[in-house]
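Pulled from TrEMBL:
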- 17-26: compositional bias 'Gly residues' (COMPBIAS)
- 1-64: region 'Disordered' (REGION)
- 101-123: region 'Disordered' (REGION)
- 183-204: transmembrane segment (TRANSMEM)
- 216-237: transmembrane segment (TRANSMEM)
- 249-277: transmembrane segment (TRANSMEM)
- 289-310: transmembrane segment (TRANSMEM)
- 322-341: transmembrane segment (TRANSMEM)
- 361-379: transmembrane segment (TRANSMEM)
- 391-414: transmembrane segment (TRANSMEM)
- 446-468: transmembrane segment (TRANSMEM)
- 480-499: transmembrane segment (TRANSMEM)
- 511-533: transmembrane segment (TRANSMEM)
- 554-573: transmembrane segment (TRANSMEM)
- 585-605: transmembrane segment (TRANSMEM)
Amino acid sequence: MVAMAKHAQHRLDLEPGGHGGGGDPAGGSQPIRRRKRPFIQISAAGPIPMLPGKRKRREATPEHEYNPGLAVEATVDHHRQPLTFASLPFPSLPMLFTRKSHGGAAGAGDVEREGSGQDQAGYRNRHASGLASILAVEDGVVYKPEAEAHTRWYRKLLDAGVEENGIKPVPIEERTNTQYNNLFTVFFTGLLCILPLPTGMLATTVFRLSLRDASLTILFFSAFCTAAPAFMGCGGYKTGLRQMIQARYSWGLYVVTVLLVLNAATVTGFSIVAAIVSGQTIAAIDPGHVSVSVGIVIVILASFVLSLLGYRVLHIWERWQWLPNLIVITITVGIGGKHLANQQDVPAATASQVLSYGGLIAGYFITFGGTASDFSIYHDPRAPLRKVFTYIYLGIFTPSVPLLILGAAMGGAVPVVSGWEEAYESYGTGGVMAAMLEPAGGFGKFVLVLLALSVIGNIGISMYPVALNLQMLIPAFTKVPRFIFTLAVTALMIPLSIAASRAWEESLENFLAVIGYWAGFFDAVLIEEAVVFRRLDWESYDHSIWNVGRKLPSGVAALVASLLSLGLVIPGINEVWFVGPLAKTAGDIGFELAFFGTALFYFPLRWLEIKWRGHL
């Protein structure tokens, strides 16, 4: 793209302010006098999108919207002296396109202040907005706002601690956190709450397992299924990539969009489960005065505030909230635990019952694989893999298994203990806990309040990755501050939670089963990609191509492998709305078929894709 000028008789020597000094070396003493501005030649280091209606031949106006992904030079006259946009003779032009930025270019979706302070030559990659910046996302370079460029109200939010961190890769020099025990506490506290209880209760209330059989099923499936998200979480600190950004290196830039929606729905679903249990508990404190719906609204709004403050505040909260949670859960068991030995009589468990409930447990655990890396991306990558794996594994496994078994014990006692069945029918899990604490009187009600609030940390860490997933969906969304998506998720969760609470048990069972199927596809592909094809070479996750579709894998191998394994999954589904032919005899084995089937099909398909493309 070239706009040629009439040959000028002298070299233009322009200052950044837009005023020339003519021959005066100090500049700015005399204005440049000319009858018309010379045309300017614009050259670029790459192709520039031509936007219709932007060409102006009458004056020195660039023929395109400014593209931040390009190194731009402007030359005037036959001398071809390089200028920057800041030195052009019309100072208002950059202001049409920019907000001030400091430091180098960042990746698409970057709404985080860099902090490195490395100045770039001239003003390269500083000016972007509107359509031009959206078009530039393909090349991984977008505008990076600074605090001084924000409006006053937004700066106040940042000063209050609100995180504006986006989805861009975190460079190795910024991965400096060596408090790896944070990875234990963030999951341990998030799960040391009343959320696992209703999932445990399904074993004895719906699947009619004895407490012994339920406990063994929980223990075995938990031990196996926790390994997948623990390993996937290690990719965060090794690569500096969010979990669903890592997925692009196997699922591709475009196919992964489907997974973003599924992952956001899954994490939101768990938050809804937690909100319902908390709402039931609040309502059970004073029956007839506070409804479950009001309780749901209270806990979701409290969780919104925590999630709004971001990654660092979440880690601080999770570091300490586990202590009061552990105390109140212990008190509850201490007061009402004497009734848990009274279990209903049920026949011996069948393989179908065990596998079906095991599928729900798998759905509970392996879905952490969609978010685990989001909490480790700022940690120093020099730590041994086994150390980080152990922290994440224990952070998920340690609180979940005892609480799932406690839930199974509560469910088995519901039909036997006087008053518990009525409490369960009225307020679900919260009603049973209220019945357990009834002998403690007013103190028991206080404990119920703390039990209800124990899920705030869980919902907070769930809202955090959901907002990030939404930012990844559409390039334009990367320009929207993360807290806007957190607010949108909060507004969506409240009505969905209230609606799901009306058919609570059925909603929970269907939700846990379905999410296990897609998570099986997802986890199998990411683990096989990292271990088999990349051989744990974390540097092969090249930051420079993280949003360049033509350089990332196509995603066809992962998609086809999942679709082929889906043909095996459907006959193995055992749900209220569908029972497959395999499930009639073997129980629900959909998760197992999804995980191992996808892993089996992905190997030859990905090998062929690499062979055809010539690279990963």
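Here the Cβ of each residue, glycine as well, is placed from N, Cα and C on the backbone.
Within the same chain, the transmembrane segment (322-341) stays apart from the transmembrane segment (585-605): fewer than three Cβ pairs sit under 8 Å, each pair at least 6 residues apart. Between the transmembrane segment (585-605) and the transmembrane segment (289-310), fewer than three CB pairs separated by 6 or more residues in sequence fall under 8 Å, so the two stretches do not touch. Here the listed stretches are 216-237, 289-310, 361-379, 511-533, 554-573, and the one with the most C-beta pairs under 8 angstroms to the transmembrane segment (183-204) is 361-379. Note on the transmembrane segment (511-533): residues 199, 202, 228-229, 231-232, 235, 246-247, 249-251, 259, 262-263, 266, 269, 273, 359-360, 362-364, 366-367, 369-370, 558, 561-562, 565-566, 569, 573, 575, 588, 590-596, 598-599, 602-603, 606, 610, 616 of its chain, located 6 or more positions outside it, place their CB under 8 angstroms from a CB of the stretch. Take the transmembrane segment (249-277) and the stretches 216-237, 289-310, 391-414, 446-468: counting Cβ pairs under 8 Å, 446-468 has the most. Pairs of Cβ atoms less than 8 Å apart link the transmembrane segment (391-414) most often to 216-237, out of 216-237, 446-468, 480-499.
Long-range contacts of the transmembrane segment (361-379) within the same chain, counting only residues at least 6 positions beyond its ends with a Cβ under 8 Å from a Cβ of the stretch, are 170, 174-180, 182-183, 186-187, 196, 199, 217-218, 221-222, 225-226, 228-230, 232-237, 239-244, 246, 259, 263, 266-267, 270, 311, 314-315, 388, 392, 396, 400, 404, 461-462, 464-465, 468, 511-516, 519-520, 522-523, 526, 591-592, 595. Long-range Cβ contacts of the transmembrane segment (446-468) within its own chain (Cβ-Cβ under 8 Å, at least 6 residues beyond either end) map to 166-167, 186, 189-195, 242-244, 263-264, 267-268, 270-271, 274-275, 277-279, 281-282, 284-285, 295, 299-300, 302-304, 306-307, 310-311, 314, 317-318, 321, 324-325, 328-329, 331-332, 370-371, 374-375, 430, 433-434, 437, 440, 482-483, 485-486, 489-490.
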